[in-house]
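Swiss-Prot annotations:
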type	residues	note
ACT_SITE	HIS96	active site, electrophile
ACT_SITE	GLU170	active site, proton acceptor
BINDING	ASN11, LYS13	substrate binding site
Amino acid sequence: MPARRPFIGGNFKCNGSLDFIKSHVAAIAAHKIPDSVDVVIAPSAVHLSTAIAANTSKQLRIAAQNVYLEGNGAWTGETSVEMLQDMGLKHVIVGHSERRRIMGETDEQSAKKAKRALEKGMTVIFCVGETLDERKANRTMEVNIAQLEALGKELGESKMLWKEVVIAYEPVWSIGTGVVATPEQAEEVHVGLRKWFAEKVCAEGAQHIRIIYGGSANGSNCEKLGQCPNIDGFLVGGASLKPEFMTMIDILTKTRT
């Protein structure tokens with residue numbers, strides 16, 4: 001198995017109060033996080049400062065859930081890369097299915113957001129995933145690859161930019177539904193994404209780029225998923241708001257290091 005550094009991200013989405021963020025982030029920071037695993041949590045934009053202040057661990061990173069594709073300017077309601085970096089952030093989630101499906105973000109917009117963040121030196125957790133209808137129509141790889149190809153069009157073969165990308169496969173039909181892709185289903189897609197990368201970007205880089213799984217990942221299913229050779233970690237939704245997230249950190253560490 002290639003020595004890819006395990007990655008686990010917690011996406012808090014639009015959840016939590018100031019008091020909750022303070023206590024929950026403090027609890028995660030107090031947990032023993034090994035230096036062999038990347039642990040990142042993404043509170044809502046209004047809670048970023050609170051999370052940063054509550055984080056006492058050098059091993060825990062705070063991320064943003066979204067970023068705009070332009071710099072500072074007249075973009076009401078948006079947040080620029082420069083603003084995130086001014087807060088000391090180094091990670092950002094881009095292209096989550098809720099941004100794509102609910103907010104109308106296109107593949108091209110997601111790719112441009114990612115490119116700008118990467119060019120400014122951030123690490124991007126780039127999300128891809130298919131709906132249930134698309135899976136039933138046997139379009140799973142077509143849809144996921146189309147989303148990656150949009151990013152590929154922006155980044156080309158730039159190893160400097162791609163090395164700061166973490167691909168998150170999140171089947172839309174599994175997010176928040178409690179229906180989890182089987183390890184076999186998830187591994188099949190991860191293999192396909194890695195194959196695309198090898199063929200279209202860099203064969204050597206394909207063995208190093210991290211591809212993580214999201215979609216109702218929790219403490220009960222992450223061990224079996226993490227045993228799949230092409231699943232390098234998780235992007236966790238609901239479970240990241242619970243003490244269970246610390247359990248997942250421990251399980252991933254045990255499984256992949």
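Heads up, the Cβ atoms here are built off N, Cα and C, so glycines get one too.
A sphere of 10 angstroms centred on the C-beta of ASN11 (substrate binding site) encloses 27 other C-beta atoms. Within the same chain, residues at least 6 positions away in sequence whose Cβ sits under 8 Å from that of GLU170 (active site, proton acceptor) are HIS96, SER97, CYS127, VAL128, GLY129, TYR213, GLY214, GLY215, LEU235. Ranking the recorded positions LYS13, HIS96 by how many other Cβ atoms lie within 10 angstroms of each Cβ puts LYS13 at the bottom.
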